Amino acid sequence: MRTTLTGTASVLDTTLTRLIDDVIENGSSFLADDENLQHYKQHLSHLETASKIALLRECLCVRPPLPLLPEDLLQNVDSILTRVRQHKILTPIFSLSPSRLIKHGDLGATRIHLWRGDITTLTGVTAITNAANSQGLGCFQPTHRCIDNIIHAEAGPRLREECFQRMQARGKELEPGEVLVTEGHALFASSVMHTVGPQLKRGASPTETERRQLAKCYESILEALELLPSDEDGSKSIALCCISTGLFAFPADEAAEIAVSTVTSWLQKHPSTTITDVIFNTFTQSDTEFYSKLLGPSHTKSISPVENTPQGSLSLAREWLSSADAVLVTAGAGLSAAEGLDYHSRDLFKRNFPGCLKFGLTSLYSVFGFNDWPSEEHRWGYFFTHLNMVANWSNTPTYQILIPWLRNFGQDAFVRTSNADGLFLANGWPKEQLSTPQGSYGYLQCLNNCRVDAVVPSAPLVADAMPHIDKATQKLMDPSKIPLCRFCGSKMSICVRAGSWFNQAPYQEGEAQWKAWKSRVLREKKNLVILELGVGMNTPGVLRWPNEDLVMRSDGRVKLIRVGMGPEAMVPWEQEDEGLSTCVQGDIGRAIPLLLE
């Protein structure tokens, strides 16, 4: 069932149609296939809101600054970006606790902070930094997950237009260490400091010249900030990203040392500075660890949700949850990632599976579909290590908040998850109120699926095998510990939906419990709220689309709250306009306390 487009939902489709025509007319080295673009244009009504936002950003990313976009189209984009950002969890600068103070005698002090998060969601900050390229126009490759892309996507096309005008006025490219200052446009920060750091070859050690160039970036940023007016409250602050450490390949640990020492030295040499706050902003866990060693750990003060987040979607979601008769939690990979069990994390894989790096594997996700194991001993060395790691995963603060809250609903709460990690059970949620349609690490199965009962519990086999796994190579050294089907003797694997061989038998009881629970709740006409956590687009037919369908077929008695990172967290705007769905965009680990406590 589809509803009529209203408000910003209609504006989004109209804007996308015009942008697609613009990209086709003006050409693009990246979105060069006109047929694909025409296909998108003809089928916009069938795309999810999340997909439309992603397509909008791609079109704007690849678009050259000339010809200038018409003002009415820019205003449409502004309204779309405004709606998107109303759903974000924000971090006010006043919620940060300083790691250190740089005192200036009787003139006060500059607070130094360390904060990990999305730099575009920091509020109350005068300026943020952008690790730019020498052209100063942003990144034109939408697949690059660089901060240049992120900042331009959030600021909107007016930022590229201003960058172009300022670069034209300069008449030359930016050199390493130079800074270009622009307005923030659709960003929360009033200004952006675009700087170009030194670019190294991957794996190379920086030269003394490159070290000086990186230091110059931070000096130039502080000098440019000094020239800006203070904010209304008298503060003047800058959020500093990790310059040159991504695609520019500057070693992250050395870059952190240069950043901290340069900023500290500059502030000490300028006791009359008007800069009140400097925030070292990190995005990865490894970068955070480097800065923590230099500055001390980061802290965020405990402040009320009203102060900490936008009023719109978060307040509405809290209201729905507080008045719900029943709650269905549907959880995807984003919930596990929020607890540190991130299947895309290179740091996690390198730390826990060093013996598997030589096979070209870089993350837990990269193992999906991997069949080039040298032997079964290597394959099961990995699987047993993986299962043991997950079974002993103890850092689950989100579950520690979520599950006690869910228990308040008694039999009117249910959990349905595509995660196989078993963390709901491990944190005390009853199996009678749990459905895992994609399988579970709790069982191993015959790869031939020779019989319905060709499954075995995994925990005893893991415990028996772990003493025989070489800690360096992570190879299973005792071949007798390799599990084989007790019926046909064939290979076995974890019992998850990874191929046509998947044995669903161990999970049929959970599916029956889910169907019975849903039928009862709907029959009793309870006000049901679906709290969807970290469900993306990898397998939308399992949780995401059924949730939306249930909302549309409920005559207003079922509402959906979608929580997650990035555009995938968006709900259909048509449903949102009807007051049936909303979303909270941000880290689930931060969202759950704000929603439930």
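Yeah, the Cβs are placed from backbone N, Cα and C, and that goes for glycine too.
Per Swiss-Prot, ADP-D-ribose binding site is recorded for Asp118, Ile119, Asn133, Cys146, Ile147, Asp148, Ser244, Thr245, Gly246, Phe248, and the stated evidence type is similarity to another entry. According to Swiss-Prot, the Zn(2+) 1 binding site annotation covers Cys139, His144, Cys146. The NAD(+) binding site annotation in Swiss-Prot covers Ala333, Ser418, Asn419, Ala420, Asp421, Gln438, Val584 and is backed by similarity to another entry. The Zn(2+) 2 binding site annotation in Swiss-Prot covers Cys446, Cys450, Cys485, Cys488 and is backed by experimental evidence. Annotation comment: Swiss-Prot describes 99-299 as domain 'Macro', evidence class sequence analysis. Annotation comment: Swiss-Prot describes 307-597 as domain 'Deacetylase sirtuin-type'.
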**Prompt:** What are the other residues, in sequence order, whose C-beta lies within 8 angstroms of the center of the C-beta atoms of Cys446, Cys450, Cys485, Cys488 at the Zn(2+) 2 site?
**Reply:** Leu447, Asn448, Asn449, Arg451, Ala454, Arg486, Phe487, Gly489, Ser490, Met492
**Complete:** Pairwise CA distances across Ala333, Ser418, Asn419, Ala420, Asp421, Gln438, Val584 (listed as binding NAD(+)) top out, in Å, at 25
**Fill in**
Fewest neighbouring Cβ atoms within 10 Å among the binding-site residues Cys446, Cys488 goes to Cys488
**Item:** Spatial separation of Asp421 (NAD(+) binding site) from Cys446 (Zn(2+) 2 binding site) - C-alpha basis, Å
**Value:** 19
**Request:** Determine, from DSSP, whether Val584 (NAD(+) binding site) sits in helix, strand or coil.
**Result:** strand
**Complete:** Going by C-beta under 8 A and a gap of 6 or more residues, the same-chain neighbours of Asn133 (ADP-D-ribose binding site) are Cys139, Asp148, Leu174, Val196
**Cys485 (Zn(2+) 2 binding site), number of other Cβ atoms within 10 Å** = 20
**Asked** Taking each of the binding-site residues Ser244, Ser418, Asn419, Gln438 in turn and counting other Cβ atoms within 10 Å of its Cβ, which one has the fewest?
**Response** Gln438
**Item:** Length of the line joining the Cα atoms of Cys488 (Zn(2+) 2 binding site) and Gln438 (NAD(+) binding site), in Å
**Value:** 24
**Fill in**
When pLDDT is averaged across the domain 'Macro' (99-299), the result is 95
**Fill in**
Of all C-alpha pairs drawn from the ADP-D-ribose-binding set Asp118, Ile119, Asn133, Cys146, Ile147, Asp148, Ser244, Thr245, Gly246, Phe248, the farthest apart lie at a distance in Å of 20
**Prompt:** Excluding Cys139, His144, Cys146 themselves, which residues in that chain have a Cβ inside 8 Å of the centre of the Cβ atoms defining the Zn(2+) 1 site?
**Reply:** Gln141, Arg145, Ile147, Asp148, Asn149, Leu247
**Complete:** Sparsest Cβ environment (other Cβ within 10 Å) among binding-site residues Cys139, Cys146, Ile147, Ala333, Val584 belongs to Cys146
**Request:** Drop a 10 Å sphere on every Cβ of the binding-site residues Asp118, Asp421 and tell me which sphere holds the fewest other Cβ atoms.
**Result:** Asp118
**Message:** Can you tell me the CA-to-CA distance separating Asp118 (ADP-D-ribose binding site) and Cys450 (Zn(2+) 2 binding site), as a whole number of Å?
**Reply:** 49
